[in-house]
Amino acid sequence: MASLKKSLFLVLFLGLVSLSICEEKKRENEDDAEDENHEEESEEKRGLLDFAKHVIGIASKLGKRSEEKRYHPFGKRSEEKRYFPIPFGKRSEEKRYFPIPIGKRSEEKRYFPIPIGKKKKKK
């Protein structure tokens with residue numbers, strides 16, 4: 001009877017040891033799988049963060065651009081043109097303020113599309 005008890009305890013002990021070893025390996029595998037999932041999630045989060053930074057950068061550039069257009073509707077210029085938007089010089093001012101030639105004939109053409117003058121007689 002004593003030998004049966006010893007053999008039974010031996011089998012029980014070996015079974016428990018092998019069971020604990022298997023459970024330990026299973027936990028390690030689960031931990032590895034969780035680590036891999038965590039790494040993938042962190043990579044996805046990093047990708048989303050990079051994408052979000054990119055989108056925010058574009059939005060800020062568009063905001064700056066609209067603000068520039070608000071104050072400088074023709075884009076950035078050199079310092080002189082920024083503070084003196086009217087071009088200097090007689091010729092450029094004439095072009096700016098008098099885009100239509102100021103001759104009598106040109107005014108007639110502009111305001112009277114029908115030719116004024118003698119009518120040609122048909123025979």
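Here the Cβ of each residue, glycine as well, is placed from N, Cα and C on the backbone.
Summarising the annotation, Swiss-Prot assigns signal peptide to 1-22 and lists sequence analysis as the type of evidence.
According to Swiss-Prot, the region 'Disordered' annotation covers 26-46.
The compositional bias 'Acidic residues' annotation in Swiss-Prot covers 30-42.
DSSP gives Leu62 (leucine amide) a helix state. Applying an 8 A CB threshold to same-chain residues 6 or more apart, the list for Leu62 (leucine amide) is empty. Residues or ranges marked as leucine amide in Swiss-Prot (evidence: experimental evidence): Leu62.
If you look up Swiss-Prot, you'll see Phe74 (among others) marked as phenylalanine amide.
Sequence annotations record features per position, and here Swiss-Prot assigns phenylalanine amide to Phe88 (among others).
According to Swiss-Prot, the feature isoleucine amide maps to Ile102 (among others).
According to Swiss-Prot, the isoleucine amide annotation covers Ile116 (among others).
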